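The Zn(2+) 1 binding site annotation in TrEMBL covers CYS175, CYS177, HIS199, CYS202. The annotation Zn(2+) 2 binding site is assigned in TrEMBL to CYS188, CYS193, CYS215, CYS218. Sequence annotations record features per position, and here TrEMBL assigns compositional bias 'Polar residues' to 76-90. TrEMBL lists 116-133 with the feature compositional bias 'Basic and acidic residues'. According to TrEMBL, the feature compositional bias 'Basic residues' maps to 141-153. Feature annotation from TrEMBL assigns domain 'PHD-type' to 172-221. Summarising the annotation, TrEMBL assigns region 'Disordered' to 76-170. Among the features that TrEMBL reports, site 'Histone H3K4me3 binding' is placed at TYR174, MET185, ASP189, TRP197.
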Amino acid sequence: SFYFSFAEILKDLDDYYEKFKRETDAVQKRRMLHCIQRALIRSQELGDEKIQIVSQMVELVENRTRQVDSHVEQFETCQETNDTTGSSGKAGQDKSKTESIAQAEKPNNKRSRRQRNNENRENASNNHDHDDITSGTPKEKKAKTSKKKKRSKAKAEREASPPDLPIDPNEPTYCLCNQVSYGEMIGCDNDECPIEWFHFSCVGLNHKPKGKWYCPKCRGENEKTMDKALEKSKKERAYN
């Protein structure tokens, strides 16, 4: 729709210009000039809308890139945690097996006592294994619960604040805070604005307002006066 609208405006400009050259009446010439001026203003508005759409697309791509980087970091952290847990569990099993073999190979010179205590040893071994299982289960559950809490906390922090990205020292800065571009931003409709772009949070916005918007510096105390002055300046530039 932008392409067809812009093409129609250019066609109207050509028609108005040809009529202006052929016209000899001063009143009609002035009328053609007004038509040309309105067409130029409309073409400039279409150009501003195109720039705004491109800026929104760039911002969307940047946000998706940050989300992908955050998900990759979460996956790598989870993978490292699983590898560490698996190694610790294997080491504990090897240690328990070594202790059992050492106890089984321990010499005993008193045959009669060994026979008397054989049943007691088996009972004690069964009880010991049962204690290891019961005591190990809460520890493992506690460790898993602690890891889940840590991962949930880390995930919440990452969602609340996007991960820090390396900042190019040559990247231009914007807004009243003099920071680089991030998050949702809005452009000032004053062509002479020295800052041009502002972060939503810095100017107290939650969504893009309808119509034209001017920054606090350009707006001053009277926003309506500013609108009229800018419209007049824009028409004069188009006329010249």
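Each position is counted from 1, following the chain as shown.
From the backbone N, Cα and C atoms, a Cβ is placed for every residue, glycine too.
Just so you know, TrEMBL annotations never went through curation; they're auto-generated.
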Within the predicted model, mean pLDDT of the domain 'PHD-type' (172-221): 86
Zn(2+) 2 site shell beyond CYS188, CYS193, CYS215, CYS218, criterion: Cβ within 8 Å of Cβ centroid: ASP189, ASN190, ILE195, GLU196, PHE198, TYR214, PRO216, LYS217, ARG219
MET185 (site 'Histone H3K4me3 binding') versus recorded positions CYS175, CYS193, TRP197, HIS199 - nearest by Cα: HIS199
Of the recorded positions listed as CYS188, ASP189, CYS193, CYS215, CYS218, the one whose CA lies nearest the CA of CYS202 (Zn(2+) 1 binding site): CYS215
Largest tally of Cβ atoms lying within 10 Å of a Cβ, found at which of the binding-site residues CYS175, CYS177, CYS202, CYS218: CYS175
Of CYS175, CYS177, CYS215, CYS218, i.e. the binding-site residues, those within 10 Å of ASP189 (site 'Histone H3K4me3 binding') when Cα atoms are compared: CYS215, CYS218
Least surrounded among the binding-site residues, given as CYS193, HIS199, when other CB atoms within 10 Å are counted: CYS193
Those recorded sites listed as TYR174, TRP197, and which of them has the most Cβ atoms within 10 Å of its own Cβ: TYR174
Protein Cβ atoms within 10 Å of CYS215 (Zn(2+) 2 binding site), excluding its own: 21
C-alpha spacing of CYS177 (Zn(2+) 1 binding site) relative to CYS215 (Zn(2+) 2 binding site), in angstrom: 13
Cα-to-Cα gap, HIS199 (Zn(2+) 1 binding site) vs CYS193 (Zn(2+) 2 binding site), nearest whole Å: 15
Cα-proximity to CYS188 (Zn(2+) 2 binding site), 10 Å cut-off, over recorded positions TYR174, CYS177, TRP197: TRP197
Surrounding CB atoms that lie within 10 Å of the CB of MET185 (site 'Histone H3K4me3 binding'), all protein chains: 21
C-beta crowding around ASP189 (site 'Histone H3K4me3 binding'), within 10 angstroms: 18
